[in-house]
Amino acid sequence: MTDSYQMEDIKNSNETSISLQNVTISYGDSDAVRNVYFDIPKYKVTSLIGPSGCGKSTVLRSLNRMNDLISSCTLKGLILFEGLDLYSDQIDPVEVRRKIGMVFQQPNPFPKSIYENIAFGARINGFSGNLDELVEDSLRKAAVWDECKDKLNESGYSLSGGQQQRLCIARTIAIKPDVILMDEPCSALDPISTIKIEETIHELKKNFTIVIVTHNMQQALRVSDKTAFFNAAEKGGTDDGKVGYLVEFDKTKKIFNSPKEKATQDYISGKFG
């Protein structure tokens, strides 16, 4: 990344964190999702919902360039973060992923101690402060400090599934991102662990912008401020596959209580999906 594009120097005073402008994402010659427009607000939770195959996870991964790891994946259009083109040739994808962190569907702690799960990433990113304080602060923000404080030197694998997922959230927090992406973070967890994660999300939005993919309609309603509903349609022509598209984006309560589109109403009422 060149000096003129240092992401930590980019601060936009408006209320938008990330803006997608006519985004089409393809794998090879096949479009996965087309013509997506919406703005992700700062310090809010935005949910991406829709049936399997509608492109919501593909869109989520595009927000921090995780799709770059798939050689056949290409993107057209613009994704702006604080007004900066994330796909500019002058932007370092590694720096993008530091500013826009990701929590995956399955808990994936490092094969290290609980302490090192937090400290390792901060250390390799040049953190020069008090690591003990950083570890405690990150674990507290992820609501897992009480479960971890007496066994910081034990393996991250010693924790339960829900605790491991909150450890992964703490690990992401420790890098000091601006945005946290979550790809179905509760799908592998029991109901009690899910409640803990949702409570954590409510607390995290005080300091972070959060984007979450979920198949759980009630979860989207509980945790998010804005919701984007995606659907999939037949591509037509010689291609018998489907392509995802954004149907509707609005305040979550409006999406669930008075959606503009019939497809949205049908999906949230369980008629398909």
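Using N, Cα and C of the backbone, Cβ positions are placed for all residues, glycine too.
Annotation comment: Swiss-Prot describes 18-257 as domain 'ABC transporter', evidence class sequence analysis.
Taken from Swiss-Prot, the feature ATP binding site covers GLY50, PRO51, SER52, GLY53, CYS54, GLY55, LYS56, SER57, and the record attributes it to sequence analysis. Within 10 Å of the Cβ of GLY50 (ATP binding site) there are 25 other Cβ atoms, across all protein chains.
Using the Cβ center of GLY50, PRO51, SER52, GLY53, CYS54, GLY55, LYS56, SER57 for ATP, the list of other same-chain residues with Cβ within 8 Å runs, in sequence order, PHE230, ASN231, ALA232, GLY244. Within the same chain, residues at least 6 positions away in sequence whose Cβ sits under 8 Å from that of CYS54 (ATP binding site) are VAL33, PHE230, ASN231, ALA232, GLY244, TYR245. The most densely surrounded of the binding-site residues SER52, SER57 is SER57 (count of other Cβ atoms within 10 A of its Cβ). There are 27 other Cβ atoms within 10 Å of the Cβ belonging to LYS56 (ATP binding site). Its own atom aside, the Cβ of GLY53 (ATP binding site) has 17 Cβ atoms within 10 angstroms in the protein chains shown.
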